[in-house]
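Here the structure is laid out as structure tokens; the discussion comes afterwards.
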Amino acid sequence: MAKPNKYAPLLCTIFMVIAIIGIVLGFVFKQALIPIILLLPTAIYEAYRTEGKSTKTASIVLLAVLVALMFLVLFDVQINITEILGSDQQYIGGYWVPLGDLRIVATTVITIISVILFTRTRGVYTRWLAVIIFVTSFVIIYLIDPAAFADLFKYGIDEALRRF
């Protein structure tokens, strides 16, 4: 059954403003944890609003990865996935994801899931939330490691050009 839309525009606007505040404060204090924490309400509402079997699962996984990322950043856990898996990239959700620091990989997974949610959901509000998550994820990657952001951005452009 469709979720009520009466307060959805207001809530999405509030979550967008909260995410923007998180982005600004993250840049001011050079702390990735701020936008991560302030993105949680958006991810929770996304998980609430999605209804399809695959989109509900995707939004719950996104929320779980975001919570895990919060703890990784909070406790400054730095694990290089490349050394563990013996590979520098992994195929996740239809995309080749470059591996490295677990915090960057987790944020990349969040970004990919937000794209999946944007393309597979029908509702304007769930898409709006997916865009908020997508944009904030890029900021989080930049705040964690600007060099990794540049590499992922270049990789994303190359991947997009290859698909077209």
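Even glycines carry a Cβ here, placed using N, Cα and C.
As recorded in TrEMBL, the features of this protein are as follows:
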| type | residues | note |
| --- | --- | --- |
| TRANSMEM | 7-26 | transmembrane segment |
| TRANSMEM | 32-48 | transmembrane segment |
| TRANSMEM | 60-81 | transmembrane segment |
| TRANSMEM | 93-118 | transmembrane segment |
| TRANSMEM | 125-144 | transmembrane segment |
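Sequence-distant neighbours of the transmembrane segment (93-118) (same chain, 6+ residues past either end, Cβ-Cβ under 8 Å): 32, 46, 50, 55, 58-59, 61-62, 65-66, 68-69, 72-73, 77-82, 85, 87, 126-127, 129-131, 133-134, 137-138, 140-141, 144-145, 148, 151-152, 155, 159. Residues 32, 34-39, 41-42, 45, 49, 125, 128-129, 132, 135-136, 139-140, 143 of the same chain lie 6 or more positions beyond the ends of the transmembrane segment (7-26) yet place their CB under 8 Å from a CB of it.
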